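What follows is one structure encoded as structure tokens, with my remarks underneath.
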């Protein structure tokens, strides 16, 4: 009943960023908040309550006695579990907050089991399956993608990863041992360059909606889509790089000690834990590399779109803006 509801505190906007999104540190704080792996353990009912609270807050009504902390925590849960475009609850595996537990298990196993071709094939396939779910879940919901396109993207990315991993594995048989340990990273980087553009091909074909500084739609741009997707590819490779490049060096040194040779059975769990340590910081840091609201200079747009914007707005729109996805 309305008797138990109160109006939102004056000047409080639940959708306003808590930190300055034009700086790297501001974006890092934002993504540390919404990629917090602890939110994966929050029960479904609590997530639904958080969504109801956020939607109520947008409508200007909140339960009586709601504190600003409660509203901000509800927004954190909402951002971690619901799609920003559609508002639908995302599957657990595809959420950015699941990147640390999911990514650490897969990365640790890829780094540990790199010596035999069957092991390389299995873990690269598992990793690409995980990536396909993440890329599909975090796509721009305004650009629908068919099941056939998802299938083609998945098969292409998995084939690229496997071809890179198996090819380099055979190539590095006579190379220094450390080079062989870096093969999984080369495979992951190559697959990312294929998986993300393929999963988001609709955006490249049809363009993404671009707006002016006040969010007024100006049209669709394929060049904007290409810039956004390129930034996401760089972010994803950066996310994986420290763990997959530095960790093999650490393990190479550790395995020379006699105590490490006695506890071989613990090598895989140790790699998984160390990967988790890297990803805990790298997931938010990589997401924060570029602003979520990406910009493109008017001069860099397609000539026909640029001409139509100039015809309507003159020189009032030097830059256009769009959501690059994650």
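Keep in mind that glycine also has a Cβ here, set from the backbone N, Cα and C atoms.
TrEMBL: automatically predicted annotations, no manual curation.
Annotation comment: TrEMBL describes 151-171 (among others) as transmembrane segment. Nonlocal intrachain contacts for the transmembrane segment (151-171), taken as residues 6+ away from its ends with a CB within less than 8 angstroms of a stretch CB, comprise 114, 117, 120-121, 124-125, 127-129, 131-132, 135, 180, 183-184, 186-188, 190-191, 193-195, 198-199, 201.
Within the chain, the transmembrane segment (229-250) has long-range Cβ neighbours (under 8 A, six or more residues past its boundaries) at 99, 103, 107, 110-111, 178, 181-182, 184-185, 188-189, 192-193, 196-197, 200, 203-204, 271, 274-275, 278-279, 282-283, 285-287, 289-290, 294, 324-326. Sequence annotations record features per position, and here TrEMBL assigns transmembrane segment to 229-250 (among others).
Only residues 6 or more beyond the boundaries of the transmembrane segment (270-290), in the same chain, are considered here, and those with a CB under 8 A from a CB of the stretch are 24, 27-28, 30-32, 35, 37, 96, 99-101, 103-105, 107-109, 111-112, 231, 234-236, 238-243, 246-247, 250-251, 324, 326. Annotation comment: TrEMBL describes 270-290 (among others) as transmembrane segment.
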